[in-house]
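Engineer: As listed in TrEMBL for this protein:
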TRANSMEM  33-59  transmembrane segment
DOMAIN    49-298  domain 'G-protein coupled receptors family 1 profile'
TRANSMEM  66-89  transmembrane segment
TRANSMEM  109-128  transmembrane segment
TRANSMEM  148-172  transmembrane segment
TRANSMEM  207-234  transmembrane segment
TRANSMEM  246-269  transmembrane segment
TRANSMEM  281-300  transmembrane segment
Amino acid sequence: MPCEGCMERDNKSTDPTMEFLLLGFSDLLCLRVLLFLIFLIVHLVTLAGNVMIFIAVVMEPSRPPMLFFLCQLSVIELCYTLVIVPKALLSLIVVDGSTISFIGCAAQMHLFVALGGAECFLLVAMSYDRYVAICQPLHYVAVMSEGLCLRLAVACCLGGFAVALGLTVAVFRLPFCQSRRINHFFCDVPAVLHLACTQSYTPELPLLAACVLLLLLPFLLILTSYVCIAAALLRVTPSLGRCKAFSTCVSHLAITLLHYGCATFMYIRPKSSYSPAQDKMVSLVYTNITPLLYPFIYSLRNKEIRGVLRKMLKRKKTAQLN
C-alpha cells in the first residue's frame, strides 16, 4: 500500500531503535479534557465489571463450563483494555501525540491481535458449549468435561497468539515511510500498514490471512453451531421450552454480534475506503464500549452469573455482620 507523502524507501526504516508518533486525538484539542474523563470512567467501570465477574467465578467451588469460559473472557477483556486504553489516555494528555518505540508498537499490535483472536476462538468454544447443552443435553456433563474445557481454553489462547505473531512479524518487516506518524491512538494493523512504503498490495496478504483464520473461520463455526441449535429447537414442541432454551444463547449471541460487527468493519473491507478518522471512532467502540458492555450483558442475561454474584454479595454481607 503506498503511503502518503512517501516517494522513497528509508533503508533504516525497520531499525528496532526507531520510534513512531501516535497522533491520537490531537485534532480534537478542545474536547481533550472531556474525552479523557469519559475514557477514564469507562475504563475503570470496565475493569471493575470484569474483575467482579472473575472473582465471583473463581470463588465459586462448582463451575459449569459456561462460567469457566466467562472467567477466561473476563481475563481476556481485562488484558485487552490494559494494552490499549492507557496509551489512549496518554494521547489525550500530550497535545502533539505520544511516541512509541518500534518494539513497543510491535508488542502492542501483537497483544491486541492475539487477545482479539483468542476471544474469537473462545466465542467458538462457547457456541459449542451451547450446542452440546441444547442438542445433546443427556451427554452434556460427559462431553463438556473439565479436561476438555481446559484444553479448549489453552487452544484458544495459543491459536490467537500464533496467528498474531505471524501477522506482526509480516507487518514490521516492511519498510516504513520517513514520516512515521500513525494517525491513531494505538498501533492498529491498518494504521501501521498505511505507513508502508510499497506500491503493491502484497503487504495486505498477511492481514487477509489473519482475517480468514481469526474472523471468517470462527464465524462459520459459530454459525454452524447455531444452525444446529435452531434445527433442534424447531423440534421442541412446547414453545415455552423453546424460548427457555434459546434464552441461554442470547448473551452469547449479543457478544458475538458486537465483536464480529466491529471487527468486520475494521478489517474486512477495501483499503481504498480507509479513513483514519472513521477508523478511530470505530476503534473507540471496539476497544472501550464493547468491553464495557460484556459484563453487563452477562450479568443481566446469564442466570448462572447472577446466581454467583448474589452468592458473593451474601458472603460479603455475612462477613461484615460477623
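Cβ coordinates come from backbone N, Cα and C, glycine included.
Describe the structural context of these features.
Structural biologist: Non-local neighbours of the transmembrane segment (66-89) in the same chain are 22, 24, 36, 39-40, 43, 46-47, 50-51, 53-54, 57-58, 60, 98, 100, 108, 111-112, 115-116, 118-119, 122, 125-126, 129, 146, 149, 152-153, 156, 185-186, 287-288, 291, 294-295, 298, 302, 304-305, 308; each lies 6+ residues outside the stretch with a CB under 8 Å from one of its CB atoms.
Panel annotation: around the transmembrane segment (109-128), residues 66, 69, 72-73, 76-77, 79-80, 83-84, 149, 152-153, 155-157, 159-161, 163-165, 167-168, 171-172, 186-189, 192, 210, 213-215, 218-219, 221-222, 225-226, 252, 255-256, 259-260, 263 of the same chain, lying at least six beyond its termini, place a Cβ under 8 Å from a Cβ of the stretch.
The list of residues near the transmembrane segment (148-172) in space but at least 6 beyond its ends in sequence, with Cβ under 8 angstroms from a Cβ of it, reads 14, 65, 68-69, 72, 102, 105-106, 109-122, 124-125, 128, 189, 192-193, 196, 203, 206-207, 209-210, 213-214.
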Engineer: Who are the chain neighbours of the transmembrane segment (246-269) in space, where the CB to CB distance is under 8 Å and they lie at least 6 residues beyond its ends?
Structural biologist: 116, 119-120, 123, 126-127, 130, 133-134, 188-190, 207, 211, 215-216, 219, 222, 226, 229, 233, 279, 282-283, 285-286, 290, 293-294, 297-298, 300-303
Engineer: Which residues of the same chain, at least 6 past either end of the transmembrane segment (281-300), have a Cβ under 8 Å from a Cβ in it?
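Structural biologist: Tertiary neighbours of the transmembrane segment (281-300) are 39, 42-43, 45-46, 49-50, 52-53, 70, 73-74, 77, 80-81, 84-85, 88, 184-186, 188, 251, 254-255, 258-259, 262-263, 265-266, 306, 309.
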Engineer: Same chain only, please: residues at least 6 beyond the ends of the transmembrane segment (33-59) with a C-beta under 8 Å from a C-beta of the stretch. Say none if there are none.
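Structural biologist: Same-chain residues near the transmembrane segment (33-59) but 6 or more away: 25, 67-68, 70-71, 74-75, 77-78, 81, 85, 88-89, 92-93, 288-289, 291-292, 294-296, 298-299, 305, 308-309, 311-312, 315.
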